[in-house]
């Protein structure tokens with residue numbers, strides 16, 4: 001999905017996010033430099049991007065899971081005020097009849113949905129490809145506008161042509177052949193799905209997508225862990241045996257572990273982020289893409305909120321702030337050594 005920029009190499013530093021801890025990845029002059037092989041690969045896929053039975057059929061099926069993940073995360077961010085519906089602070093489903101608890105749940109969900117749908121959020125879709133996710137987001141009631149960017153001109157052309165087929169998307173979705181570091185403005189939501197595994201420097205990409213996010217905005221991303229099951233499922237089976245994915249789409253050396261992304265945020269954005277959700281995702285032939293609770297295996301979805309840092313005010317000299325990874329979620333807390 002990335003286009004090679006013919007710019008000279010300027011200097012060399014060490015990549016912050018390394019796929020292998022013992023391997024230093026050089027940073028070139030342009031974040032979005034890509035290999036000619038990646039460019040050629042996605043150019044060849046462009047004509048069949050919207051064929052649900054073609055080269056991108058797995059991506060079309062994954063899009064349903066993406067949207068479900070996004071909506072669920074956003075629903076949990078909604079606060080209902082002055083509601084006539086009271087939700088007790090315990091598992092009421094164990095005490096109330098099904099009809100009662102189900103009615104309460106439905107009424108509450110309706111209020112959350114209504115409040116979310118009244119929002120007008122602006123979305124940046126990085127590595128949008130032919131626009132599968134961008135179009136779907138553009139149809140969401142709570143989305144004001146979606147800006148899709150990609151560096152492969154052929155897929156951007158496909159995205160623009162397909163968007164014209166739906167008059168309801170007029171003014172809601174736009175596409176540009178643009179590098180992420182050249183994007184202007186701030187966004188409520190930034191998406192980066194199935195993109196990090198196709199770039200040379202995912203740490204630089206994270207830096208730039210994070211900079212495009214408004215305070216309290218949410219970054220949604222998905223990619224693939226670098227481990228044996230990922231190779232078996234995504235490359236050996238999907239590309240070589242079942243041929244559900246075009247051969248050469250994935251390279252295990254470019255896969256990014258969920259722990260590496262968490263580590264990047266811990267080192268670069270400490271106290272300025274919150275992991276809202278982290279789920280593994282697997283393709284089941286009879287069900288499509290389903291979520292699971294093992295995000296260190298195979299594919300995964302992640303949602304990270306940008307928050308304003310709040311320093312500890314309990315003690316002037318309390319500088320012992322540590323970040324802990326607990327059950328794959330990042331929990332920031334103050335280690336109070338003042339108490340013995």
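A Cβ is built for glycine as well, from the same backbone N, Cα and C atoms used for every other residue.
Here is what TrEMBL records for this protein:
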- 66, 127, 150, 193: S-adenosyl-L-methionine binding site (BINDING)
- 194, 197, 198: Mg(2+) binding site (BINDING)
Nearest recorded site to residue 194 (Mg(2+) binding site) by CA-CA distance, among binding-site residues 66, 127, 150: 127
Intrachain C-beta neighbours of residue 193 (S-adenosyl-L-methionine binding site), sequence separation six or more, cut-off 8 angstroms: 66, 125, 127, 133, 220, 221, 222
Residue 197 (Mg(2+) binding site) to residue 150 (S-adenosyl-L-methionine binding site) - Cα separation in whole Å: 15
Among the S-adenosyl-L-methionine-binding set 66, 127, 150, 193, as the record gives it, the longest Cα-Cα distance in Å: 19
Euclidean distance between Cα atoms of residue 198 (Mg(2+) binding site) and residue 150 (S-adenosyl-L-methionine binding site), Å: 12
Cβ neighbour count (within 10 Å, all chains shown) around residue 150 (S-adenosyl-L-methionine binding site): 28
